[in-house]
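Feature annotation from Swiss-Prot assigns site 'Important for tRNA non-discrimination' to H31, G80. Per Swiss-Prot, L-aspartate binding site is recorded for E170, R216, H448, R489, and the stated evidence type is sequence analysis. Look at Swiss-Prot and you will find 194-197 tagged as region 'Aspartate', backed by sequence analysis. Positions annotated as ATP binding site by Swiss-Prot: R216, D217, E218, Q225, E482, G534, W535, D536, R537. Here Swiss-Prot flags 559-602 as region 'Disordered'. Residues annotated as compositional bias 'Basic and acidic residues' in Swiss-Prot: 575-602.
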Amino acid sequence: MLRTHLAGSLRPEQAEQTVTLTGWVARRRDHGGVIFIDLRDASGVAQVVFRAGDVAEQAHRLRAEYCVRVTGTVEVRPEGNQNFEIPTGAIEVNATELEVLNESAPLPFQLDDQVGEEARLKYRYLDLRREGPGSAIRLRSKVSAAARGVLAHHEFVEVETPTLTRSTPEGARDFLVPSRLQPGSFYALPQSPQLFKQLLMVGGIERYYQIARCYRDEDFRADRQPEFTQLDIEMAFVNQDDIILLAEEILTALWKLVGHEIKTPIDRMTYTEAMRRYGSDKPDLRFDIELVECMDFFKDTTFRVFQAEYVGAVVMPGGASQPRKQLDAWQEWAKQRGAKGLAYVLVGEDGTLGGPVAKNLTDAEREGLAAHVGAQPGDCVFFAAGATKPMRALLGAARGEIARKKDLIDPDAWAFVWIVDAPMFEPTADATASGDVALGHSAWTAVHHAFTSPKPEFFDTFDTDPDSALAYAYDIVCNGNEIGGGSIRIHRKDIQERVFKVMGISEEEAQEQFGFLLDAFAFGAPPHGGIAFGWDRITALLAGMDSIREVIAFPKSGGGVDPLTDAPAPISAQQRKESGIDAKPEKKSEDKKSEGDTAEAK
């Protein structure tokens, strides 16, 4: 090794020891001919002093981010010169030897400055030298190790599934890879290991996991990446409770890394309850605001706006004092979400109601409204009326915005909840409107994916009454973020074929795209289920980062661009020709197929 110690490990107990350190010059200071540098390596920073002689002369040429090797003696700093903000602040190294391992060009930005994301990603290798980004990547490694420890204890098998596979629709567009040896044909990068892990269960592996790379060619969305990582788990001969128990054990181990003890069992909430109370299937439970349904309260109203399928309200504590400009801003906020606006009532300090809605209400409605929605004098009540699903979503978003504006969220709190009993199907129009790629050609598509089992009580009716069918699925939510989701899978061929039929996937199409899975189900496939955790999101939460880009070593920027390598990039004409991108695939004849089968048999 080029060094004897890590810079961040030095303490007063090592005084008088001779040490050799390696790292980068974080800062350089010259005090009357005595040179001080802060030497940084992966473990931290130590102060090195060059006092006299040739070594001090050498140190004069040091600049920021020079890579160096230093030998010297550990000394306790004089009283009054300690820096208690860093672990090594009580010592310094009195240098006797200096070797410049590599010089550094002038930096595009100072590593201790606030820098724009584009520059940080373009020079990501410099960005990673900074304490925050570097620590986040190291935490990610610890997170993976902790999960592996739990799974090894339960005798799970880590299996690598293919990353070059066939294109099978799973809810987003595939990234396609041309096959040079079969011009005109393409592999697809996997959106998830879903089908392969189910085949592993059929194969008797029984307990599988993988820290899997996944790829989805989606339109740009905030804080999404075209390639991402999930902890993928599958188990045979289990029910929902078994999966949830294991998942909670993993989460408990992860959150211990940041000093938090998760209380288990984690509460469960049905999808219906979550939407009714919070307007979201991933509610942030760190604050107590809930939606209030007002259909019964306004059942005889003469106010036409409230003569709707759904009328709901959410209370903003102290919101009546908002200036008109802020109330108008709420209207623009709602319009950006596709609504016409956000109706409101202001509750005066004397309990009287004000605002444009109040004058349209009857005396009885005005008298009872505050009590019905739980509003106090000085509060503002926001309303949404119309179709149930979008209006609940609007109020759910308003709930979160209220909490942020009123500073109601404890940044140090952790609130977990399982969301269970979600619908199995949703109208295809709803899925496409939200930006998802709907699988199938009918009016219905799967909410989770096509391989999720219905709850047992819906086995006989899910295809005749898809609107009522519930999925045997479960999502885990932390602080308003969905950090994992899974389900009990379909393991019977007949049920899988019925699900495909509901989604408008013909027998021919099902056989072409999923025939290998349907064939496997015919050979004694066991009951099985699993879960996948969003590894980027979990690590970002544990690291206290707002964006998953902060915990990915080399992330993409908006639109899937990599500023570091300038990917994606055009390919050459020769590459295009060799890859066969423009070739039309040869139609496989039955004769050729038969010949291949015969040769294989020989």
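Even glycines carry a Cβ here, placed using N, Cα and C.
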Please give the maximum pairwise Cα distance, in Å and rounded to a whole number, for the ATP-binding set R216, D217, E218, Q225, E482, G534, W535, D536, R537.
20
Using C-alpha positions only, work out which of the recorded positions H31, G80, R216, H448 is nearest to R537 (ATP binding site).
R216
Just to be sure I understand the packing, how many Cβ atoms besides its own are within 10 Å of the Cβ of H31 (site 'Important for tRNA non-discrimination')?
8
From the DSSP assignment alone, can you count helix, strand and coil residues within the region 'Aspartate' (194-197)?
4 helix, 0 strand, 0 coil
Other than its own, how many Cβ atoms are within 10 Å of the Cβ belonging to E170 (L-aspartate binding site)?
21
Provide, as an integer number of angstrom, the distance between the C-alpha atoms of E170 (L-aspartate binding site) and G80 (site 'Important for tRNA non-discrimination').
63
Have a look at the recorded positions H31, G80, E482, W535 and say which one has the shortest Cα distance to R216 (L-aspartate binding site).
W535
